[in-house]
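Peer 1: When I checked TrEMBL for this same protein, it listed these features:
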type: ACT_SITE; residues: Cys2; note: active site, nucleophile
type: DOMAIN; residues: 2-219; note: domain 'Glutamine amidotransferase type-2'
type: DOMAIN; residues: 287-427; note: domain 'SIS'
type: DOMAIN; residues: 460-601; note: domain 'SIS'
type: ACT_SITE; residues: Lys606; note: active site, for Fru-6P isomerization activity
Amino acid sequence: MCGIVGAIAERNVSAILIEGLKRLEYRGYDSAGVAIYSQDGGLRRSRRIGKVAALEQALAEEPLAGRLGIAHTRWATHGVPSEANAHPHFSGSDLAVVHNGIIENHEQLREQLKALGYVFSSETDTETIVHLLHHKLQGLPELADALKAAVKELHGAYGLAVISAAQPDRILAARSGSPLVIGLGLGENFLASDPLALRQVTDRFVYLEEGDIAEIRQASLQIWDAEGRSVQRETVQFHEGAEAAEKGEYRHFMLKEIHEQPKVVQRTLEGRLGSDHALVQAFGPQAAELFARVRNVQIVACGTSYHAGMVARYWLEELTGIPCQVEVASEFRYRKVAVQPDSLFVTISQSGETADTLAALRNAKSAGYLASLAICNVGTSSLVRESDLTLLTQAGPEIGVASTKAFTTQLVGLLLLTLSLGRVRGTLATDVEAKLVEALRHLPGNLEEALAMDKTVERISVLFADKHHTLFLGRGAQYPVAMEGALKLKEISYIHAEAYPAGELKHGPLALVDSNMPVVTVAPNNELLEKLKSNLQEVRARGGELIVFADRTAAMDNGPGVHVVNMPPIHDLLAPILYTIPLQLLSYHVAVLKGTDVDQPRNLAKSVTVE
Ligand code: HGA
């Protein structure tokens with residue numbers, strides 16, 4: 001995802017903009033640019049493909065200095081990565097725009113603006129915004145008024161910033177579906193798509209809300225809401241410890257990262273949802289064309305990412321009808337694979353450097369797949385660089401070795417892939433899609449509710465502290481969630497944990513069940529619930545102790561040896577994401593009770609760059 005930085009000050013803002021862009025580099029991008037206004041030189045820009053360092057070098061050779069500027073790192077959705085497509089985009093020589101997101105009606109706007117005489121110099125959707133704004137300025141000379149009129153005609157998602165040589169005392173910003181935050185300084189103000197970009201210049205922030213338009217001047221800030229009413233938004237003071245590389249108020253990175261999930265899931269969705277559908281272009285400029293040809297999906301990953309892939313298989317086959325296979329990379333890479341025609345090869349990795357996954361991708365290149373797609377958290381990684389399409393999860397740096405927020409954001413990315421494939425292939429009913437998109441918008445709130453169960457889960461964790469073996473059960477898409485729950489417990493508490501599809505219990509593992517082997521079950525209220533309840537009876541009949549995470553509407557009762565934890569109701573397809581949270585918390589609390597090294601468990605490494 002791209003990044004935006006803007007600044008208006010008494011001093012030269014060039015270095016502030018570049019530093020801001022560098023701080024956003026981790027989000028992934030393919031090109032970078034800056035536009036600066038100076039009284040003698042007017043509005044000028046510099047743009048480069050590749051790293052921010054290349055832009056910095058260009059500015060060292062040919063400096064741009066001024067007290068007003070906007071800058072951008074681009075991750076192409078419309079038009080290839082090139083200098084001409086890099087932001088800022090200009091209309092004439094007086095107006096510049098940077099934009100994160102996707103303008104869905106760009107083709108229609110482009111035709112209208114061309115008919116009005118505008119000449120386009122890029123292939124981007126973004127360029128339509130700047131010409132449209134220029135056009136509006138003819139009748140509404142105040143930048144804020146023109147922007148209010150222009151955004152009414154934009155469909156899709158945007159976080160954008162505008163500067164004009166005609167009104168060089170202000171930056172205008174607008175947000176709809178893509179985040180923006182204003183940084184408050186003393187006699188200077190800033191703007192960014194992420195506060196991280198501005199931490200070197202301020203610790204006071206004002207978050208724009210959906211539909212907001214802001215006029216940022218050196219010593220003032222004015223905000224209008226979607227209805228055009230002047231509004232005040234709260235100022236948030238950041239404290240030391242809010243940074244990713246610090247634990248802040250949390251005892252461990254893992255706990256901090258578990259609690260970050262509502263925020264990072266929100267971030268992963270931002271700019272990728274239209275009013276009632278997922279935006280296919282979020283996967284890159286060629287996504288729509290390639291997705292239209294997909295008839296099979298092969299997912300390859302390791303560890304936690306493999307579990308995410310297994311959940312995705314249920315989603316893909318149910319919602320798109322496209323057959324999907326999932327395999328661990330260390331196996332896949334060494335066997336002779338029969339490739340189905342028109343197969344999309346999907347890899348999933350937090351770091352994008354996982355050796356087995358990377359090797360599988362490299363082998364796949366010559367195996368006849370239609371295209372490769374990476375779901376990854378690191379934009380600069382090998383996996384991203386070597387894949388045809390990418391969806392970057394926006395989990396931010398994950399420090400705890402046991403993956404938590406990377407997993408849930410991978411699931412969100414895979415659901416967006418499912419929706420996009422279903423949409424392009426015409427296999428997804430529009431009402432199903434709209435309901436799911438609506439449910440996705442509520443997901444961060446649902447995750448908050450699940451996190452509020454922390455104390456209850458902590459109490460339950462006592463049941464595990466002296467145990468050596470546990471069983472995790474689930475059915476359907478909750479089976480891989482049970483696998484992930486078991487993996488978490490193994491990783492950080494060193495308790496042997498195994499996951500089974502609940503229906504398999506009677507085919508073997510039931511022999512192990514006794515009072516020393518707690519059985520953990522995830523039980524959303526779906527059509528498999530009654531079957532699952534029977535499986536639980538099988539456990540109780542053998543004296544096994546049950547811990548059941550159940551939808552509170554499922555009316556499951558506590559009883560001797562049965563501990564029911566009530567979960568908030570949720571759209572069934574999102575249940576795997578929600579039910580992951582208490583299982584993460586459970587492993588965490590068990591590990592704390594056992595006194596293990598939660599963030600750096602023995603024998604494990606964060607990014608597995610060896611075979
Ligand atoms: N659609 C714009 C901006 C892309 C973006 O936000 N990427 O994350 C473009 O393609 O330039």
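Cβ atoms are placed via backbone N, Cα and C, with glycine included.
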Peer 1: What is the pLDDT of the domain 'Glutamine amidotransferase type-2' (2-219) when averaged and given as a whole number?
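Peer 2: Overall, the domain 'Glutamine amidotransferase type-2' (2-219) comes to a mean pLDDT of 95.
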Peer 1: If you draw a 10 Å sphere on the Cβ of Cys2 (active site, nucleophile), how many other Cβ atoms land inside?
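Peer 2: Result for Cys2 (active site, nucleophile): 26 neighbouring Cβ atoms inside 10 Å.
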Peer 1: DSSP secondary structure for the residue listed as 'active site, nucleophile', reduced to helix/strand/coil, please.
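Peer 2: SS state of the residue listed as 'active site, nucleophile' = coil.
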Peer 1: What are the DSSP helix/strand/coil residue counts across the domain 'SIS' (287-427)?
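Peer 2: Counting residues per DSSP class in the domain 'SIS' (287-427), I get 64 helix, 28 strand, 49 coil.
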